[in-house]
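Heads up, the thing below is written out as structure tokens.
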Amino acid sequence: MDIEERINLVLKKPTEEVLTVENLRHLFEVGAPLQHYIGFEISGYIHLGTGLMAGAKIADFQKAGIKTRIFLADWHSWINDKLGGDLEVIQEVALKYFKVGMEKSIEVMGGDPKKVEFVLASEILENGDYWQTVIDISKNVTLSRVMRSITIMGRQMGESIDFAKLIYPMMQVADIFYQGVTIAHAGMDQRKAHVIAIEVAQKLKYHPIVHNGEKLKPVAVHHHLLLGLQEPPVWPITSEEQFKEIKAQMKMSKSKPYSAVFIHDSPEEIKQKLRKAFCPAREVNYNPVLDWAEHIIFREEPTEFTIHRPAKFGGDVTYTTFEELKKDFAEGKLHPLDLKNAVAEYLIELLKPIREYFERHPEPLELMRSVKITR
């Protein structure tokens, strides 16, 4: 596989942004160690925006010959008050539920979970030189920049927070350098931390990424954030600028069960959630059901996606590209209910191996039902 083919795998849907493609090409060309990482807070049930979006990209990275790693951010979750702010509970959930759920998600998206290294944050945070790296980074970042970066925690600028939360962004940047990560991966909501990492990379004294004497900047790969199924807080949305302002409120949320499908949901739960989903007729710009179709079903194109309908409503129709589907929906040739039902059936089949695993091994879900899920 040549360099351009490997780059195309990194750019493949659901990737939304690479900072930068030129730097990625440079890493391939100089033969730098290719170490990926994606970090997750341990905060509740795994939904499709976490399991399938990250799983899809991990599969792509593996095909491109990149070592893959999942960072189970237990301390970060504690700082951000997840699971009642109980560090021991967070660690138990990380190892007994989250790790298993992500392994199964990677598998259904075509990756090999056996080739993913899982690292618990506390395994490295106990090392003294980790905190040297945190301080080194912090000395190169202003307080106002840190305050603007708290949105990576799902917090709003101006929100009242405890001091520990100001350490969080610098820890997230330190995680990259301390682990020798050359490809930092996350959803678009983590962009601010990754931009800081790129900007400070060549200023660091502790744990810079060095290859053949050159201080390297990490590449940041950001995947699409699936829209939540709920109606947006403002409707209609009249501009792209307005959409950007409320996008954070439109993503899937573990605390709003009907905004998300979880990887273990039953067929009936999936159908019910899709039936209730916001999906206005002819609306193609701000439509969560179409958004899911584009980034899950039509991740690979061409594909075959068949929508079953009674003959009196046009009969079955098969689409091979998302643009075909989008065009028919925009023209009113495809009814929202038919689209919802077809997407639900696709997800039911896709998630079947995960569902069956948890039916055979109920202990992880039993653990989750016993813990306090917060935020």
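Yeah, the Cβs are placed from backbone N, Cα and C, and that goes for glycine too.
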Practice prompt. Given that Swiss-Prot annotates Tyr168, Gln172, Asp175, Gln190 as binding L-tyrosine, state which candidate in Tyr37, Tyr45, Tyr319 belongs to that site as well.
Written response: Tyr37
Practice prompt. Among 136-140, 156-160, 251-255, indicate the range for which Swiss-Prot gives the feature motif ''KMSKS' region'.
Written response: 251-255
Practice prompt. Sort out the sequence-distant neighbours of Asp175 (L-tyrosine binding site) for me: same chain, 6+ apart, CB within less than 8 Å of its CB, listed by position.
Written response: Tyr37, Gly39, Phe71, Ala73, Ala121, Ile124, Val181
Discussion item. Among the binding-site residues Gln172, Gln190, which residue has the fewest other Cβ atoms within 10 Å of its own Cβ?
Written reply: Gln190
